[in-house]
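Lifted from TrEMBL, the feature list:
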- 17-142: domain 'P5B-type ATPase N-terminal' (DOMAIN)
- 168-213: domain 'Cation-transporting P-type ATPase N-terminal' (DOMAIN)
- 262-384: domain 'P-type ATPase A' (DOMAIN)
- 31-53: transmembrane segment (TRANSMEM)
- 226-245: transmembrane segment (TRANSMEM)
- 401-422: transmembrane segment (TRANSMEM)
- 434-457: transmembrane segment (TRANSMEM)
- 903-925: transmembrane segment (TRANSMEM)
- 971-993: transmembrane segment (TRANSMEM)
- 1044-1061: transmembrane segment (TRANSMEM)
- 1073-1093: transmembrane segment (TRANSMEM)
- 1113-1134: transmembrane segment (TRANSMEM)
Amino acid sequence: MEESGKKDCRALLNQGEENELEVFGYQTQNLRRVLCFATSVLTIGVLPLVFYWKPAWKVWANCTPCSLQEADTLLLRTTDEFQRYMRKKVFCLHLSTLKLPVSKNSEKPLVADRHSVINQAIIKPELKLRCIQVQKIRYVWDYLEKQFRKVGLLEDSNSCYDIHHTFGLGLTSEEQEVRRLVCGPNAIEVEIQPIWKLLVKQVLNPFYVFQAFTLTLWLSQGYVEYSLAIIILTTISIVLSVYDLRQQSVKLHNLVEDHNKVQVTIIVKDKGLQELESRLLVPGDILILSGKIALPCDAILIDGSCVVNEGMLTGESIPVTKTPLPHKENTMPWKSHSLEDYRKHVLFCGTEVIQVKPSGRGPVRAVVLQTGYNTAKGDLVRSILYPRPLNFKLYSDAFKFMVFLACLGVIGFFYALGVYMYHEVPPRDTATMALILLTVTVPPVLPAALTIGMVYAQRRLKKKKIFCISPQRINMCGQINLVCFDKTGTLTEDGLDLWGTVPTAGNWFQAVHSFASGKAVPWGPLCAAMASCHSLILLDGTIQGDPLDLKMFEGTAWKIEDSSTDSCKFGMSDSNTIITPGPNASQSPVSAITVLRQFPFSSSLQRMSVVAQLAGDRHYQVYMKGAPEMVARFCRSETVPKNFPQELRNYTVQGFRVIALAHKTLRMETLSDVGHLEREKVESELIFLGLLIMENRLKKETKPVLKELSEANIRTVMITGDNLQTAITVAKNSEMIPPGSQVIIVEANGPEDLMPASVTWQLVETQRPGAGKMETYINIGNNSAADGKGYHFAMSGKSYQVLYQHFYSLLPKILVNGTIFARMSPGQKSSLIEEFQKLNYYVGMCGDGANDCGALKMAHAGISLSEQEASVASPFTSKTADIECVPHLLREGRAALVSSFGVFKYLTMYGIIQFVGTSLLYWQLQLFGNYQYLLQDVAITLMVCLTMSSTHAYPKLAPYRPAGQLLSPPLLLSIFLNSCFTSIVQVCAFLYVKQQPWYCEVYKHSECLLANQSNFSTNVNLEKSWTGNATMVPGSVLSFESTTLWPIITFNCVTVAFIFSKGKPFRKPIYTNYVFSLLLTSAAGLTIFILFSDFQNIYRGMEFIPTLTSWRVSIFVAALTLFCVAFFVEDGILQNRELWLLIKREFGFYSKSQYRIWQRKLAEDSAWPPTNRTDYAGDGKNRFYINKGYESPEQVPKGKFKLGGHSSEQHFWTRL
């Protein structure tokens, strides 16, 4: 019973999704609210401030746990490693407010959709719903399922039949009103945050609150100048932040505002067509598409087809053809009605319809699927509004350091209390002095200083045409040790050049038709396939579409006719594409080809096909093109040439892009039958036509960049949708796989019949025969790949998916040496990057935006080479479309990371140095003078923080990364040893000055100073200058101790600023940062000048006491010694990488990164890597297991590639 109660109090929201949340139910208690209010008044607003920072505490203080059904307040917690809390109030929607009559009959559903959560959420007869709004998404309480469920979308459980028959005629006016109230407006509204609200959010940051407290305290003690400097700097920082946030808010608002004002036409049941504003659309409405329109919602196409520009989503402005959802009688969910990609039926919000093609049964119709923030564009905007927090060690370590400094301040606070209470100083003065020591350790300039490094790096990146929308990730780039590259358009040229075609006849490949001759492809089925099997469209007289399709079509010299003017001539519907021979085309007996039906290409299917009709022919033709291995699967085995694998390999190993083509004749009676054809029926029993060979050249920047990354010990990996052999060749040509390295192809197959899942390891060997032509074959001998050379694994997306599902324990072993991943779908790309991250790699991803959006978002640093709007999904965008941006970014990231560490170390040491000096003076109830503090704080610290990070990145990538953790032995030792050095020197100086014969306690006995005036080599008249100042009050300044300690502390600040400004190998030498070098030199020179000057005004202003020249020389020597010792220890020991590596080896310290652990294990395994063998799932010896929790997001057809009985049988027995 108790367990059931606990279960009722807690649930999961968005289970299994990226934004999964835990929900806890609470009920507000009035007595608790009164107590909290009283405490807030008594603490003068401190409690509300704490509740603002910790919303969970507010809920726990005001409410008691209860079941979710009774809750009026919900506490939500993210299920990621950050465990962030947010508080939401439950509100009610009342259907009784609707103008239209709503049935209170509990038996009669309010909406026709039997799957809709709305029917299960309405309480009758009250007609109300309980709702919450979380990150712009609305959820309603489902009384049947006892959980909060999302509204604003059609349920995934709807079948194709449901969508056509439940929504095909439109919704009634009553149902529209109900849905509008429950789902909210179809609008992606980004509020332009008021400036006052942004200001309040910035000012209420915990650090700024502490800073305000510190500055108030300092101002009350008359420390005006530095306080004003910090106030000005902080104000500028806050104003810039607010301005930046406001600008982003305005840009995002303007980006989405037009989406909310689109006029659309819908069908209302029993009323016909109605025009309305898009914000009034609801899920289930029937949208009429009559021409060009920016889609205001996600919708499922149910009648007709259309061409859309999905540049906003994919990053490529390539027209995409959408086809209607088929009529099917089964009850399967519509997304899984077949093995095809469901996205080809969905029109996404934010994309643009550029052409509509009615089916002949009426206008193009689509059912509204999702509205508002549930849409594709809404999801993109939400990811910008609510970005995933960065899990970077630097930021968590920085917080721990802040806590340490605060604890040090607390120790100082109690030390000051003890000293001042012992001397019976009045309580008010005691509290003030104790609080001053508390604030000394945490420098108020810290947040601005840490940000400034990223600002400098961002500015330098901008000069190199690399733009950043997430500056926090710049530091993360300094830790990147693995970079994944897309191939086409990234490593290789975007455009393809036609090389030739290899037709087939009689089960054999024929002579190659080369395009170098300038002649078009001769007429035949292959030419017809190239002319018709594409998704090209004619838009404003220009042929547009995929670059590959364009090149292929150009090779035929045919042309696309304007359907609106020429359709009548050929007796076809104007929605069909008509293709005719051009003036340069080969002689053809066919005057035109009409494309009647299209099954679009998708990355997961790796093929496309069309149903066409040749002019004068009453039969229909099917043409298919796609990946050769995939096309061969759908062809009759006797039509596929026996030497197909060898011929394919012959071209792919030379780096050619190979496309296969096939066709068959359909014997159908009427044109209407074509519209009801299923893809499975069309794509079967085809006749193999031949291969289209295209050149895909490496970009000239590719090889040098990959070499630079390799020399920097940064792993490079290729993730592509292209053929595996082509990818291997490109990897070898670009030297991603170094010469002499072995390649092992990992081929995994899922379980079939009685055979368990298997993984086969095939060693690829390369040799160059006499003619110099490269050939690749599979070695079936027993030699090992290890032979003292490196080895690289290569696999396809299908194999990766099988490994993920059936051999998950094997996956890390493969990934630590996996270099080529071919035929990867977008989902598999994201999954692979996530698996690399689980091995503790810091992963960069560079892609051209097409199919890479998910991977770019998943990586630690995603770099998009696309200038499209989709690059908003990527933290970095390069306006130069080559991979030279990668080393630029890594260099700047490393420089920014080292700068952040340097600034952090400096400010930590600065706080400790001042803390030690101030604590020593507190011992005798004294303090440094305002101008003494001012010179250190403004002339040195403030200027150092503003200029230290402006040192440029070193032009060459070092073969190792900078430290990524603040809590690392070298850094902790650096802070500890420098703290010891400064403490020793300051304590010794403090004690030694008391031993001097001319010393006296000035703050007690001012006359002793006047009596010894003749001893000092100075012409300063002390009688008038100082006697009036020497009073026995807390915080008095004048003393030999402060005169001695101040120069030592100031020199020490300059020292640590210099030794922490590390140059080579990650930044240019310190002298190249002219402003910083000048500032340090000036600060050191000014300190020496003040130390040795004998000017009365300087002594009076700085509140110093003149001392013997010999003593001043001693102070300078002590400071110089401290500099030499600190510099030697920092540069010669703590920054000596070879020494640390030696210590690690001697004491057996090894990296705890998962990939390092695997590398060590595999290096000791003599049986690894396996070659020329097959392993099976469930084999106890190999300790493989099936990942039963796996559910494939993108299924691959189970059909196997069969070339003929003999070949398949031989392969099977080889595996056994």
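Even glycines carry a Cβ here, placed using N, Cα and C.
Note that the structure is a prediction, hence the values are computed from the model and not measured.
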Best-contacting stretch, by C-beta pairs under 8 Å, relative to the transmembrane segment (1113-1134) and drawn from 434-457, 903-925, 971-993, 1073-1093: 971-993
Number of helical, extended and coil residues in the domain 'P5B-type ATPase N-terminal' (17-142), per DSSP: 37 helix, 40 strand, 49 coil
Segment-segment contact (the transmembrane segment (401-422); the transmembrane segment (903-925)) at 3 or more Cβ pairs under 8 Å: yes
In contact by Cβ distance (the transmembrane segment (31-53), the transmembrane segment (903-925); 3 or more pairs under 8 Å): no
Mean of the pLDDT scores, which run from 0 to 100, over the domain 'P5B-type ATPase N-terminal' (17-142): 83
Structural state census, the domain 'P-type ATPase A' (262-384) (DSSP three-state): 26 helix, 49 strand, 48 coil
For the domain 'Cation-transporting P-type ATPase N-terminal' (168-213), the number of residues DSSP places in helix, strand and coil: 28 helix, 1 strand, 17 coil
